[in-house]
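K.L.:
Structure provided below as structure tokens; questions to follow.
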Amino acid sequence: MARSLVCLGVIILLSAFSGPGVRGGPMPKLADRKLCADQECSHPISMAVALQDYMAPDCRFLTIHRGQVVYVFSKLKGRGRLFWGGSVQGDYYGDLAARLGYFPSSIVREDQTLKPGKVDVKTDKWDFYCQ
């Protein structure tokens, strides 16, 4: 009986950590459109500084610490307008590219505009895909 309860507890714990955010795959879209500096959203729109810490709720988002520099590559429109897409400066290892993700626009202060973010781009499933 005790062994069954332990096994049940382990199964419950494992299932709590194996949700879609951990496993990978498509996640719900935050928005249907976004503003970028170019059609591919490959150039940063601006540089911003984090005003507070932000813990990513799932793999679509970035964990950001107060004072970190954030490169903003996109600004979601419509229902997702409160979120921007970008990467954190120094968030890379060796030859690996920095990870892109979303964060609330309210936690950063834009300090420098690099390129106007006026190109309206349709989002696709890859914009919200977890690896």
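From the backbone N, Cα and C atoms, a Cβ is placed for every residue, glycine too.
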K.L.:
For CYS130, what is the disulfide-bonded cysteine listed in Swiss-Prot, choosing from CYS41, CYS59?
P.N.:
CYS59
K.L.:
Would you pick out, from the disulfide-bonded residues CYS36, CYS41, CYS59, CYS130, the residue whose Cβ has the largest number of other Cβ atoms within 10 Å?
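P.N.:
Answer by Cβ density within 10 Å: CYS36.
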K.L.:
Calculate the distance in Å between the alpha carbons (Cα) of CYS36 (disulfide bond) and CYS59 (disulfide bond), and round it to a whole number.
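P.N.:
With the alpha carbons as reference points, the distance is 21 Å.
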